[in-house]
Structures are given as structure tokens and as C-alpha cells.
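Here is what Swiss-Prot says about this protein:
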TRANSIT   1-31  transit peptide
MOD_RES   Lys68  N6-acetyllysine
MOD_RES   Lys86  N6-acetyllysine
BINDING   Cys91, Cys93, Cys113, Cys116  Zn(2+) binding site
MOD_RES   Lys121  N6-acetyllysine
Amino acid sequence: MASRLLRGVGALAAQALRAHGPRGVAATRSMASGGGVPTDEEQATGLEREIMIAAQRGLDPYNMLPPKAASGTKEDPNLVPSVSNKRIVGCICEEDNCTVIWFWLHQGESQRCPNCGTHYKLVPYQMVH
């Protein structure tokens, strides 16, 4: 029993000695190349990395961000991306409105919401593959 205990203590002592450098200073391991905790950019891989790089360039390749609101006039309509030549659009019309007015938006000239008159325009959108 005592020999088993001494063997365990000896193994722990050897492990502690291996952890220290040649001058008795404890060796440290870091995950990042410069030391410390890596940033999100250093750690991201795959699709997450592609999205982060695109976001740094100001792009939104997977339509994750909310659409940019325009004034909704005929000269400055709200742009609606679509992969086809028509798309169904919902307009809330007023901030405190609890119903959504749905209507079809076709490619070409800007169209108005039948209820409030806000202008929308369909723009072509290429999906990222």
C-alpha cells in the first residue's frame, strides 16, 4: 500500500518537474500565437469566418441584417431583393398597427402599398452558393 502511494507521489513530482523549464520557471501554454485568449477572428472557421470577413467589408452575403429602410417615396423607394420577377411583401403601414397588409410586388417600376402609399421596388438578388 505504501509503495503504491509513493509511486503516485513520484509520478506527480516528475510531472511537476517536466512542467517547469530549465531554470525552474513554470512553462505556460497559450491558445493564441501572440499569447492570451484568441479573438473571434482568429478562432472562426468555415462559414462563420466567411460571414465575419464579409461583414468587415460591409457586405451581407446571407441576408442576415435587417433591410435598410428608405423614405418610401417614389424617388427613394424601399428596395426589396428577390430571386424571381415577383415577390409578396408585407407592409405594417403605421408603427402601432397590429395587422400586416400583404400585396404582390412585380419587377419594374416602384409600386405603392394599397393602404398607406409607401413605395417599394423589386431588385434582382443573386443567391450565394
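Cβ coordinates are placed from backbone N, Cα and C, and glycine is handled just like the others.
Mapped onto this structure are the features recorded in Swiss-Prot.
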{"residue": "Lys68", "record": "N6-acetyllysine", "DSSP (3 states)": "coil"}
{"residue": "Lys86", "record": "N6-acetyllysine", "DSSP (3 states)": "strand"}
{"residue": "Cys91", "record": "Zn(2+) binding site", "DSSP (3 states)": "strand"}
{"residue": "Cys113", "record": "Zn(2+) binding site", "DSSP (3 states)": "coil"}
{"residue": "Lys121", "record": "N6-acetyllysine", "DSSP (3 states)": "strand"}
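Here the Cα atom of Cys113 (Zn(2+) binding site) is found 18 Å from that of Lys68 (N6-acetyllysine). Neighbour count (other Cβ atoms within 10 Å of the Cβ, all protein chains): 8 for Lys68 (N6-acetyllysine). Within 8 A of the CB centroid of the Zn(2+) site residues Cys91, Cys93, Cys113, Cys116, the other residues of that chain are Ile92, Glu94, Ile101, Pro114, Asn115, Gly117, Thr118.
For Lys121 (N6-acetyllysine), the nearest neighbour among the listed recorded positions (Lys68, Lys86, Cys91, Cys93), judged by C-alpha distance, is Lys86. Cβ neighbours of Cys93 (Zn(2+) binding site) (same chain, under 8 Å, six or more residues apart in sequence): Ile101, Cys113, Asn115, Cys116, Thr118. Cβ packing within 10 Å was compared across the modified residues Lys86, Lys121, and the lowest neighbour count falls to Lys86. A gap of 20 Å separates the Cα atoms of Lys86 (N6-acetyllysine) and Lys68 (N6-acetyllysine).
Fewest other C-beta atoms within 10 Å: among the binding-site residues Cys113, Cys116, that description fits Cys116. You'll find the Cα of Lys68 (N6-acetyllysine) roughly 15 Å from the Cα of Cys91 (Zn(2+) binding site).
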